[in-house]
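To keep things clear, I will list the structure first and then write my remarks on it.
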Amino acid sequence: MEHPILFLNLLFEKLGLHVVGPEQAKSFGDFLLQPHVTYTWVVMLVLLGLGSMAAKGLEMVPKGAQNFFEVVITGIEDFMISITGEEGRFVFPLIASLGMFILFSNYLGMIPGFFSPTANINTTAACALISVVFTHVIGIKFHGVKYIKHFMGPVWWLTPLIMPIEIIGHIARVLSLSIRLFGNVFGEELVLGILFFLAGFYLAPLPMMFLGLFTGFIQAFIFCLLSMMYFAGAIEHAH
């Protein structure tokens, strides 16, 4: 579900680039102009810009905003380590990057004329694949080839039964992460789009927008929390 008017689509039309719906997209160029792709670039540019500005203003003795954000980031990192253990500290940059990307993507669609990339299943599936694939990278990093024993069950003669169940379970993780995030953000986009269409950009959508601020944060938090738990499971099996 898209807002009635998307600014980037209008810009592309002015430049002579025709934006087609996902069903009509046939070429790679058509795919690159899809809203979930173009607004993903917007989110990435915003995050890169904020990161660059934050890096330039760093001081050895933190004060003001830097001090506040260092406390927040340290608290989040400590929370993650309480789940994954000290061995999982190295995955914090990935968790933080996924969390910031999902959070900003969730919030972007609340601005009239913009679209939430996470309201498209392709974006959420990509994030879920990163999380699940990296889970196995962690397992192999800590456990080597023996990590495959996790899929074989406690005794060898149960392998034909346990292995298919484990494989299905890991595929279900991708579906769970992607569909949960997509469904919640898409539902919010759907309601906002209807309210904007019926009542304009004024008071009617405000209650839903306040709810969207809360649910957008919760969905980003749940995605990161589940990813932490998957990473912790891979590290524990490595022990």
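One-based numbering along the chain as shown.
Cβ from N, Cα, C; glycine included.
What Swiss-Prot records for this protein:
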TRANSMEM  31-51  transmembrane segment
TRANSMEM  91-111  transmembrane segment
TRANSMEM  125-145  transmembrane segment
TRANSMEM  151-171  transmembrane segment
TRANSMEM  194-214  transmembrane segment
TRANSMEM  215-235  transmembrane segment
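Same-chain residues lying 6+ beyond the ends of the transmembrane segment (91-111) with a Cβ under 8 Å from its Cβ atoms: 3, 39-40, 42-44, 46-47, 73, 76-77, 80, 84, 117-119, 123, 127, 130-131, 134, 138, 181, 185, 188-189, 192, 209, 212-213, 215-217, 219-221, 223-224, 227-228, 231.
In this chain, the transmembrane segment (31-51) does not touch the transmembrane segment (125-145); fewer than three CB pairs sit within less than 8 A of each other, excluding pairs fewer than 6 residues apart.
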